Amino acid sequence: MPAPKDVYIAVIGAGGVGKCFLSQLEVISKRLSANPASPTLSLILVSRSKMILYSPEYVALPHGDISTKLAASTQEPLPLPKIIDFLAAAPSKVILVDNTSSQDVADQYPQVLSRGISIVTPNKKAFSGSYKLWQDIFAAAASSGAKVYHESSVGAGLPVISTLKDLVDTGDSVTKIEGVFSGTMSFLFNSFAPTEGSGGKWSAEVKKAKELGYTEPDPRDDLNGLDVARKLTILARLAGLQVESPTSFPVQSLIPKELESVGSGDEFLQRLPEFDAQMEETKVAAEKEGKVVRFVGSIDVAKKEVKVGLEKFDRSHPIAALKGSDNIISFYTKRYGANPLIVQGAGAGGEVTAMGVTADLLKVLERLT
Ligand SMILES: NC(=O)c1ccc[n+]([C@@H]2O[C@H](COP(=O)([O-])OP(=O)(O)OC[C@H]3O[C@@H](n4cnc5c(N)ncnc54)[C@H](OP(=O)(O)O)[C@@H]3O)[C@@H](O)[C@H]2O)c1
């Protein structure tokens, strides 16, 4: 039997998800090294915006507390094109793990893939940007044989992308995809318009969500709906729709017009109570119909319609009954008929997101070695 090959791993981004990924990488590396038939994983590069730790000789960095070692590194940071050159010259196969949310890194994917380097990532930017970038990425992968996996770009570690791909690849006809795609929006509406009880004032719920760390530093980055629109763009494209960009379909922003341009997130939160009446009206209108309001995304595949915004649901509907900050994604298909295939659970958090990335890495390994 041939000796197992080394596979080199390079990790860009060591924040909330990146740190968890590095710990999980250590676990799987040890497990694989116990099996002589498995490939040997060698972590050769870890970087952040302004720091890098790498082995110019392609010798594996020693295990243990890589993020601390990265923070203490005195190596001169390399610009991205130089990192790509370094990885492309490696003496064996390379997997690049992009744990950033950087558009600059995402824009390099076609280049990375065309040089035979595989990619796994939770970064939505490459797959939800221009349609041209999407096409270039998959064309580059097809011609070089490098792999690209991005399960955690939608629903964190939940099996959303793999489920959709399996449905499509096995010939099922996906008619509609609908769900709550944002942990922040889930938390906000489950507390603002609960199925039992009356819930708090909208501005108070937004403030609470921010204090609990469920929102971005400026909550407007959640309330503008763009993050959900990016996830819908990815799923719609996988379902076969040629969606040009996350702004090419209707997306409802929950930022009052008057507060769009206020200077800071704090000022926004201070003034939000002035607009509570608008959201209260929406909640009461739903209640009069025995329903609750939720922030959802949906894709009607036959009509080629994608939209993001507020919708009313019966209290017994699975979307209404969601708890905490969970995500729920329902796939309506010909085979599943009236009862959709539902994926539900935590759609954010370092460990679960990194789990999706690590699982993708294992899939790439299986296909490369
Ligand atoms: N957190 C979640 O629950 C979750 C869920 C689903 C998907 N995701 C996705 O996972 C990715 C990572 O999220 P996160 O929460 O870990 O973000 P984060 O804590 O902000 O970490 C981002 C990391 O990327 C680094 N970085 C940014 N731009 C870079 C560049 N141009 N070159 C090198 N490094 C760069 C940052 O370095 P510095 O700190 O030095 O700037 C930081 O280490 C994002 O794409 C996010 O959308 C996250």
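Backbone N, Cα and C define each Cβ position, glycine as well.
What TrEMBL says about a protein is an automatic prediction, not a curated fact.
What TrEMBL records for this protein:
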type     : residues                                 : note
BINDING  : Gly13, Ala14, Gly15, Gly16, Val17, Gly18 : NADP(+) binding site
DOMAIN   : 13-151                                   : domain 'Aspartate/homoserine dehydrogenase NAD-binding'
BINDING  : Thr100, Lys124                           : NADPH binding site
DOMAIN   : 159-362                                  : domain 'Homoserine dehydrogenase catalytic'
BINDING  : Glu216                                   : L-homoserine binding site
ACT_SITE : Lys231                                   : active site, proton donor
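What TrEMBL annotates, mapped onto the structure for a quick look.
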{"residue": "Gly13", "record": "NADP(+) binding site", "Cβ neighbours (10 Å)": "23"}
{"residue": "Ala14", "record": "NADP(+) binding site", "Cβ neighbours (10 Å)": "22"}
{"residue": "Gly15", "record": "NADP(+) binding site", "Cβ neighbours (10 Å)": "14"}
{"residue": "Gly16", "record": "NADP(+) binding site", "Cβ neighbours (10 Å)": "15"}
{"residue": "Val17", "record": "NADP(+) binding site", "Cβ neighbours (10 Å)": "28"}
{"residue": "Gly18", "record": "NADP(+) binding site", "Cβ neighbours (10 Å)": "26"}
{"residue": "Thr100", "record": "NADPH binding site", "Cβ neighbours (10 Å)": "23"}
{"residue": "Lys124", "record": "NADPH binding site", "Cβ neighbours (10 Å)": "20"}
{"residue": "Glu216", "record": "L-homoserine binding site", "Cβ neighbours (10 Å)": "13"}
{"residue": "Lys231", "record": "active site, proton donor", "Cβ neighbours (10 Å)": "27"}
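Secondary structure of the domain 'Aspartate/homoserine dehydrogenase NAD-binding' (13-151) per DSSP, as helix, strand and coil residue counts: 64 helix, 22 strand, 53 coil. For the pair Lys124 (NADPH binding site) and the residue listed as 'L-homoserine binding site', the C-alpha distance works out to 16 angstrom.
Of the chain residues outside the NADP(+) site list Gly13, Ala14, Gly15, Gly16, Val17, Gly18, Lys19, Cys20, Phe21, Asn99, Thr100, Gly350 have their Cβ within 8 Å of the site's Cβ mean position. Distance from the CA of Thr100 (NADPH binding site) to the CA of Val17 (NADP(+) binding site) is 9 Å. For Gly13 (NADP(+) binding site) paired with Thr100 (NADPH binding site), the C-alpha to C-alpha distance reads 5 Å. Cα to Cα, Ala14 (NADP(+) binding site) and Thr100 (NADPH binding site) are separated by 8 Å.
DSSP gives the residue listed as 'active site, proton donor' a helix state. For Gly15 (NADP(+) binding site) paired with Thr100 (NADPH binding site), the C-alpha to C-alpha distance reads 8 Å. If you check the recorded positions Gly18, Glu216, Lys231 against Thr100 (NADPH binding site), the ones with a Cα inside 10 Å of its Cα are Gly18.
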